[in-house]
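Each remark here refers to the structure printed beneath this line.
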Amino acid sequence: MLIALSGVLTGYNGSFPFEKPGDKYEGVNYVGMREFCTILGGALIPFTFISIWEMTHSLNAATLSASLVLFDVGTLTLTQYILLDPILLFFMLASFVGICKFRSAALSEFRVNWWFWLIFTGVTMACCVCVKFVGLFQVTFIGLMTIVDLWFILGKLSKPISYTVKHFVARFVCLIILPILVYVGFFYIHLFILNKSGNGDGFYSSAFQSKLQGNSLHNASMPKDVSFGAIVTLKNHRTGGGYLHSHWHLYPENVGAKQQQITTYAHKDENNRWLVKLYNDDEKINFNDTVRYIKHGDMIRLEHVPTRRNLHSHREPAPITKKHYQVTGYGENGTGDYNDVWKVFVDGGSDGNVVSAVTSKIKLVHVLQHCVLTTSNKQLPKWAFEQHEVTCSPNLRDTNSYWNVEDNINPKLPNVSFEVYSPNFFARFIESHAVMFQGNAGLKPKEGEVTSKPWQWPINYKGQFFSGNNYKIYLLGNPVIWWGNIVVMVLYNLISVWKAIINKRRNNQNEAVADSNQQLLTTCNWLFIGWGLHYIPFYAMGRVLYFHHYFSAFLYSSMLTGVTISYLLEIIKTSKPTLIRKTIYDGLIGLIYASAIYSFYLYSPLAYGMSGPVSTEQNSTMFGLRWLDSWEF
């Protein structure tokens, strides 16, 4: 919505579909949206500086951390496009600034400044989750910091227990209740504004679709009950379920019987239409005079309207789920065999209950094979246009075997309005999230798509082309900064172990622990936790992953590098200061900044655009800079 708002404010008329990367804008005013994302990306540098300054009060640490973010070509590339990532990173660091400012305001408890930063943290934290669900990693991080703060407050024995309760209630209201209200409020606006039909309608239930203007169910009037002779569409009742679908194409060789394909398809289409027929061809009904409703326990045939083939199953194994039976389209001109006969069962129904459109959950049980029509939610190969598999499951309790009639066309029956079945806001809120969670978890790589693994990200193993035109843009981190982050992270862990051993030995000798740089190390601990929370969970994800998923963790890694280097340099500077130590200190500072700046200069064409031959040719502007064979520029 923020991108759309920036577009509206800068003259974008909403005509460009944004279907796939590389499409020509053809005069569309998109610059405002790119400027908006770039401005948010630019805010990452001051946010980084402010966060580290508030945590360490070290000018060197804050400046170096911000510089590492500033001179990373990958962050520059990612934040100059119309993407969700710059918005996510903006709100992530904004919430981090908020919690750092709030902790720094501890001496002015329950005053205006204290309340402002607490509320600011809660609101930006909610915005972070609104952008992407991975914002929950930031919520977890801030939650851990809050728990630790409350633990130390509880340990203040000079304060009454009511003092701790006040702090707990303030944080509970501002960091839990307020973010929930903000999050739900934004989705209320989202569902209020985005009320038009689109090509993704099919992912939602029939009742949800009735609230979308332009959808066939919006203000729809159709027969309430389903009868023989009706033309219907069947939608799988699971979250994000598709429509029962067929087309002229046959299953390929060695994939069961070479009969017509049956799939589920997430979009509305003429190939989703089915004619409900009597199961026995010998039994005739004069549809001009008689209406016979379909009831619980009735046996039917379903004829695919465009191809006139019947929904059919037999004991051939399904294409992917081999323990299930194959479902096909069979017959000619509506004539098939007894493997086309299905028995209708209404969920919670009994003999005599009529099947109603939209509201009735039904199962279709194959009469001869004693299996139930279901979808495995598995994506078929390209020969089925990557639609989803439909099978007949011997497990009659299959959780994906429920369907509902969505469209119900029968001119012989009176129409009724379906507005009464429209869900309220909270029902749509819950369903939209269920669809999003399921869709996000089910994302799989498309053929030829460049993906990556989490282990590749910290080592900058492989980038990703963002543009392949005359000027090529390649998403890749500044290798000096990224590889430096790895080295410094190892150093940080070694320092942490060494400090733990030293402190333990001092405790055993009953000596006070004196460390002027303890604040820097404490900050490093939190930054390491932030890095881990934004990186490690990706190893548990089954969905398709991309290189840009690491940039949230990269920001924390860069801040960790800045603070750790400052800690080591302070040791050199403050331990028995001499002219030599001061020279070493100044030389190392200069070397670090020079390396970051010069490497940015060398690799900046990755972000600003490369032209000419590839980097392996001597006349290339990037010759000699392809340090890993896995880099593709």
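Note: Cβ is positioned from N, Cα and C throughout, glycine not excepted.
TrEMBL lists 223-279, 291-347, 352-408 with the feature domain 'MIR'. Marked as transmembrane segment by TrEMBL: 33-52, 82-102, 114-134, 140-157, 169-189, 480-502, 523-541, 553-572, 584-603.
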Near the transmembrane segment (553-572) in space but 6 or more residues beyond its ends, with Cβ under 8 Å, are 44, 48, 51-52, 55-56, 58, 60-69, 72, 74-75, 89, 92-93, 457-458, 477, 481-482, 484-485, 488-489, 491-492, 495, 517, 520-521, 523-524, 527-528, 530-532, 534-535, 581, 584-585, 588-589, 592
Under 8 Å Cβ-Cβ from the transmembrane segment (33-52), and at least six residues away from its ends along the same chain, one finds 2-3, 6-7, 10, 12, 58, 61-63, 65-66, 69-70, 75-76, 78-83, 86-87, 89-90, 93-94, 96-97, 100-101, 523, 555, 558-559, 562-563
Under 8 Å Cβ-Cβ from the transmembrane segment (480-502), and at least six residues away from its ends along the same chain, one finds 68, 71-72, 74, 458-460, 515, 521, 524-525, 528, 531, 554, 557-558, 560-561, 564-565, 567-568, 595-596, 599
Spell out yes or no: are there three or more C-beta pairs under 8 angstroms between the transmembrane segment (114-134) and the transmembrane segment (169-189), with each pair 6 or more apart in sequence? yes
Reduced to three DSSP states, the domain 'MIR' (352-408) has 3 helix, 27 strand, 27 coil
Across the domain 'MIR' (223-279), DSSP labelling yields 3 helix, 28 strand, 26 coil
Sequence-distant residues near the transmembrane segment (82-102) by C-beta distance (under 8 Å, 6 or more away from its ends) are 2-3, 18, 30, 33-34, 37-38, 40-41, 43-44, 47-48, 50-51, 54-55, 114, 117-118, 120-121, 124-125, 127-128, 131-132, 134-135, 138, 141-142, 145-146, 530, 548, 551-552, 555
